[in-house]
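**Student:** Sharing a structure here in structure tokens format.
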């Protein structure tokens, strides 16, 4: 396909993951040419299996798609409003997952790759960038993610004058569906919740008795684990703790976490409530693969087979992919980046995605979306328009560029940590924003918390729509 030429100089985007792909798309949609540099195809990583753009290396879930009362769902909706290629391809490749938006990981990555390749203003170069962008690349975005190659990571550290922070991330196993014993397991979403493309029976559930649960916990804790080596002392991100680390924190931790039995009824024995339940979520459109929800692990491969086949219904399970462990790195964004994600020490150089310290697929993609819009605006001679902090975009951006800063003279100075989007990042509602249920003098039980979330979600989507309307990135002049 012939690429278009443009009166604008290109913006360079380094990294073709979720954030880099989204950034490139937003820039190109604004009429500015993009050169997207991706090293996979020349050099691999410890976690990626393909050369596809936007490959999902951990879960296949984009989490809740509820835009009425869930912060992640609100972020989904805002990204759709902004023309996100990541959300478009996710919607086109969704698989049933209760109230969540989950995707066929291969179909999703292939769709993103095809869209990027077909865009007339995007050129993809398969090459490793070993240092910071040269000065002649006056506008560039680094979106190399948590697995940034060592040479580039060293260059970033040299430029910022501080070591990148690091944390471990762990990957959950994937099981062949036809090796799961459905005489023991059953299909059901928690509380029978129906989500996008779902039926209320979107998960496979494996029940455990108290005796089976305790035996599983003992084996999990005793299982042979991957050594830390030079990564000793690196903290985990709480949202992706290895399951054995959770078990070590207390025998009941898993039963109140990923193995909680609430909202589930054993179809084979409805009168007996399981002591614990392991859930598996559909991983591909064909329904032939299921991933073990919340079962990210650093157990060695041999131990994984032994321990996970103790779970009722998985005694003969065959694994399409075993779990694993890799190190994620991110910069100290609040001290290094301004509100437009530009490195304070170097004009025109932005960071986006997980390397900025956001956590989660859509969070990473959304920061790529913003970085792309900011870079496109700058290329066109305009000032980047910062989204209101009342939006999911703005709340997450504010956390990254301004969160967790405590003055040097305060004792117990806190460090910046990765964060998923959540309503705790949003500013409080204005007084009187909540209205009590009709005819009621006050909220009952959890009504107030629910009403607060709904009001924050409504405010976010309204403010986001207004922000986008005021800051349209109209495609620029381009010719063949």
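Keep in mind that glycine also has a Cβ here, set from the backbone N, Cα and C atoms.
From Swiss-Prot, for reference:
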BINDING   15, 16, 17, 18, 19, 20  FAD binding site
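Explain the structural surroundings of these features, please.
**Tutor:** Neighbour list (residue 15 (FAD binding site), Cβ cut-off 8 Å, at least 6 residues apart, same chain): 37, 38, 142, 143, 144, 145, 353.
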**Student:** Where among the binding-site residues 18, 19 do you find the Cβ with the fewest other Cβ atoms within 10 Å?
**Tutor:** 18
**Student:** Taking the recorded FAD site as 15, 16, 17, 18, 19, 20, identify the other residues of that chain whose CB atom sits within 8 Å of the mean position of the site's CB atoms, giving them in sequence order.
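**Tutor:** Filtered neighbour residues, in order: 13, 21, 22, 23, 38, 53, 54, 143, 144, 145, 352, 353, 364, 368.
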